[in-house]
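Encoded as structure tokens, the structure appears first; notes follow it.
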């Protein structure tokens, strides 16, 4: 290797180290063993091109991170939705840990900028490839778990993932009306009634407001582009209120 290329490699290395420092500052996560952090972002193509150096790719960390992510998301959903059936919990978890969701999170955190790639993978757009980014997110979770345990993983997810669940980002896979019905029937509280209380907007862009009541008492209000969507959002609000009341008792 010429002195010039050795200097270039060294410069690249220090630049990458600086990037990882900035990244840790930005997400308020500081690794005790930074080798694990670097490994989480090391693609197999990079290792193949640097065989003389002791680099490890992120595939084993990805395997571990997948399991850790499923566990932490499962724990959160189990506690948050006491009335939700096993089938619905499974569907919701699948929507949260599916590739498009993980890719969206990886983009939000600029994971693609940090990935160590081989030249061939780089030239074919690997840095933006969805499967690669989803794998890196899982590998990062695996690395964080190995470095610090389950609690810091949950703290990280509390900032970047759980609020999205709370804000209804995955509500398209949830049937809140059925959940509310089951919750009310289980406690023998009576029957629910849905009513469209308001409609507005032109015919091609209508917005509906729905109210769900129990024994004439309004429980939740929701809006949507269709009557069904508005009713689902009303049921979601009602369910959240009932569950909050239940946990206080």
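The backbone N, Cα and C atoms fix where each Cβ goes, glycine too.
Since this is a predicted model, take the numbers as computed values, not measurements.
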Listed co-binder of Mg(2+) (same site as 135, 138, source Swiss-Prot) among 62, 207, 209: 62
From 154-185, 218-249, the residue range that Swiss-Prot assigns the feature region 'Disordered': 218-249
Other C-beta atoms that fall within 10 angstroms of the C-beta of residue 135 (Mg(2+) binding site): 26
Protein Cβ atoms within 10 Å of residue 62 (Mg(2+) binding site), excluding its own: 20
Nonlocal neighbours by CB distance (under 8 Å) for residue 66 (active site), same chain, sequence gap 6 or more: 97, 138, 142
Neighbours of 62, 135, 138 excl. site residues, C-beta within 8 Å of centre, Mg(2+): 58, 59, 61, 63, 65, 66, 134, 136, 137, 139, 142
Average model confidence [pLDDT] within the domain 'RNase III' (20-149): 92
